[in-house]
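Heads up, the thing below is written out as structure tokens.
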Amino acid sequence: MARIGDGGDLLKCSFCGKSQKQVKKLIAGPGVYICDECIDLCNEIIEEELAESGEVKWEELPKPMEICQFLDNYVVGQAQAKKALAVAVYNHYKRIQAEAVGAPGTDSVELAKSNILLLGPTGCGKTHLAQTLARMLNVPFAIADATALTEAGYVGEDVENILLKLIQAADYDIKRAETGIIYIDEVDKIARKSENPSITRDVSGEGVQQALLKMLEGTVANVPPQGGRKHPHQEFIQIDTTNVLFICGGAFAGLDQIIEARTGHGGTGFGARLRAVSERSTDDTFSQVMPEDMLKFGLIPEFIGRLPVITNVRSLDRSALVRILTEPRNALVRQYQRLFELDGVELEFEQPALEAVADQAMLRGTGARGLRAIMEEVLLSVMYEVPSNPDAARVLITREVVLENVNPTIVPREFTGRRARREREEKSA
């Protein structure tokens, strides 16, 4: 860089042209100089670009129909629940993006978030729906078990530990965590014992509901980075839950009876109409749930008010379970076929065998969650034998294998080779 005059005190910044006397600091490089003001400006530009790249663009937010189509690739059935979730999630992140970009009208109308309550029996896809949504939107996702939570000051997990799981899922990026999704499972287990307020302390029921209120609504929470109360001198992490979407799920066993008592289906006395058990399913009953039913079940009014979107997932029948085995992109049958492919073996299921697996899952009452356990039992012996059998080319699973514990048929390579040659000869003829 050229000097001004003979003195060495008038060096110029190569970017802004200011002299050494006009700035606080001038840093020299090989033939160039940069001042402290230009360094600060460069840092501001870099921070702005990084912040913009980390945000979801307004035009990139998927529409509700696109969200439903994505869910269809991974979750079988549950059309009503998918529609409700898609609309709620779209409105939630649309609100966040509108506030981020300063969309017209946001100054006059403040948009509140709508948390979601999912009702339905175990193994019907509540957790899977929430996980798939988070994966599609590329936002941090955390699952919490409500049964482990207790009121502050008692043995158990604090509600702030839920937020710690979300922060960990975001790799401690607080800004990302503040737009994440938290799924609180088994939320029906924190219902109080009766609909009337109790004079005794309910530390794992109503006390947990009270502790969750501010978090669901939106507050700046202090989260212990090491969890729990074992490290009293640790510095807390602050996270704003205003834009965190909470999805609460539970089986709510017994809620159907409360709804039926309100709607008048069934009844008692000499003039009451006797109703067959199969006439009205739990799924149909859950679709008519009202806030007053949740209150009678044991949720406090403040907690119900912070979960405005209530939807239910339906029980899975035999055909739905068979579809779950084969249709989704990560279907169980495809997963096991891939495992056998790694050993150079083809795995084939007959349709009656898949139906038998679905029947077993329905008998156990475990829903889709029990399918993997049944598949492991069915394939255990063949998964033990095949890796040590170099002649194995194909494994056939029949209905008898599932129901009668018969060993699967292992077809040798020589037989499959002869069959392939025969098929080629028949085609050429």
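Positions of Cβ are set from backbone N, Cα and C atoms, glycine also.
Bear in mind that the values here come from a model prediction, so they are computed numbers and not experimental data.
Here Swiss-Prot flags 1-54 as domain 'ClpX-type ZB', drawing on sequence analysis.
Counting only residues at least six positions away in the same chain, the Cβ atoms of C13, F15, C16, K18, V23, K24, K25, L26, I27 sit under 8 Å from the Cβ of C35 (Zn(2+) binding site). Taken from Swiss-Prot, the feature Zn(2+) binding site applies to C13, C16, C35, C38, supported by sequence analysis.
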Three-state secondary structure, which DSSP defines for C13 (Zn(2+) binding site): coil
Listed in sequence order, residues not in C13, C16, C35, C38 with Cβ within 8 Å of the centre of the Zn(2+) site Cβ atoms: S14, F15, G17, K18, V23, L26, Y33, I34, D36, E37, I39
Three-class DSSP secondary structure - C35 (Zn(2+) binding site): strand
Those binding-site residues listed as C13, C16, C38, and which of them has the most Cβ atoms within 10 Å of its own Cβ: C13
